[in-house]
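Features as listed in TrEMBL:
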{"type": "REPEAT", "residues": "81-122", "note": "repeat 'WD'"}
{"type": "REPEAT", "residues": "123-164", "note": "repeat 'WD'"}
{"type": "REPEAT", "residues": "165-197", "note": "repeat 'WD'"}
Amino acid sequence: LTTALSVRRRDEGEAWLSCRSPGKPTLYGSLTRRGLSTEGVPDIAASEGFVVGEVTKKSILISCPHENVSTKFLAPYTTFCRIHQKSITCLDISSGGGLGVSTSTDGTMKIWQAANGEIRRLLEGHVYDVNCCRFFPSGLVVLSGGMDAQLKIWSAEDASCVVTFKGHKGGILDTAIVDRGRNVLSCSRDGTARLWDCGKSACLGVIVDCGSPINGIAVGTADNSLNLGMPEKAPSEREVGTEGKILLLAREDKKLQGVGLQSRQPVFLFVGSDAFNCCTFLSSTYILAGTQDGNIYQLDVRNTNAPIQVIHRSGAPVLSLLPYRDGFIASQGN
C-alpha cells in the first residue's frame, strides 16, 4: 500500500517510470517500445531496475524487484475529449449508468451520454465557477453548487433550473443528498453546512457553523451504538430522513468532524496533518478522509482517538474518495 509505481508517457515510443517508497530515494527508469508482435501487441523493454511482465493491447504489468512491488497499468476503456475544453473539476454518473454530468474550469456544466460522450444538455445559470455537481438517485435531476454561493436543482431532461437556494455567504464547495432527495445538504467557504427542503425551496437550518471553510461533506447512517445527541427543538415535518444519520465535515482547519444530522450536536472531532479536502463512508462504522498533504485516514466512528490506518502514497493532495467493492478509489492532485 505504501509504495507507488507510476508511469508517464513521453512520446509515442517511450515513457518515464518512477517507484517511490516512503523514506527512500525515488527510483527512476523508462520504458521503450521496440516494435509490434504479429498479433499487434507492443514489444516493450524496461531500463535497469524495472521488469516488464505481461503485455496486452490494453495493459502492461511492470515490477520493481528492488522494492518488491508490481503494478498493472491499464489503457482507458473509452476517452471523451470533446466534452470540456479545460480541467474537469467534478463528475457524476446517474444511478442507471446512462448519463454523466461534469463541471470544468472552462466555466461549463454539461450532461452527456455515458456510452459515447455525446453532449445532451448545457446547464447554464451559475455566475462564476461551478464547484460540484451530482445526480439525485432518480437520475433525472442534478444538484450543483457554485462560487456564486448558490445551490441549484436542474432537470436533466430539459436543462431547466427548477430550484435555486440562497443563504450561504461564500462559495459552495460540496453537496450531499439525504435518502431519495426531499432534503439536500451543502457546505461552503463561509464555514457552514446547511440542510435544505427541495419541495419548499427553503433552508431547514444551519447544521453547523465552524468558522472555517468546509471543503467536503458526506452523510451516512450511523452505527447503532453511537450517541448522536438530541435536538434542542422538535425537527420540522419538512425534515425527511435525517434521523439516525451522521454528517461528516472535511474542514480547512485540519479537522474532520462528525455531527448528528437531526440533533445538530457534535459527535466527534479528529485533528489531521493538514486541511481535509474530502470524506466518505465505507460503512456505518468506518469512514475515510483525505488531506491536502496526501494522507488518507481510515477511522472508526465509535472511537476516533487514533486512526485505524493512515495511507500515504505521495505528498499530492487527496481530492476525492469513493467506496468501491471491498475498498475505495482515491484521486490525487498528481
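Note: Cβ is positioned from N, Cα and C throughout, glycine not excepted.
Not measured: the values here are computed from a predicted model.
Counting same-chain residues at least six beyond the ends of the repeat 'WD' (165-197), those with a Cβ under 8 angstroms from any Cβ of the stretch are 128-129, 131-132, 134, 136-138, 141, 143-153, 203-219, 236, 238-242, 245, 247, 249-250, 259, 261, 278. Here the repeat 'WD' (81-122) has long-range neighbours at 129-135, 137-139, 142, 144, 156, 158-159, meaning same-chain residues at least 6 beyond its ends whose C-beta is under 8 angstroms from one of its own. Broken down with DSSP, the repeat 'WD' (123-164) shows 0 helix, 22 strand, 20 coil. Across the repeat 'WD' (81-122), DSSP helix (H, G, I), strand (E, B) and coil residues number 0 helix, 21 strand, 21 coil. DSSP places the residues of the repeat 'WD' (165-197) in helix, strand and coil in these numbers: 0 helix, 21 strand, 12 coil.
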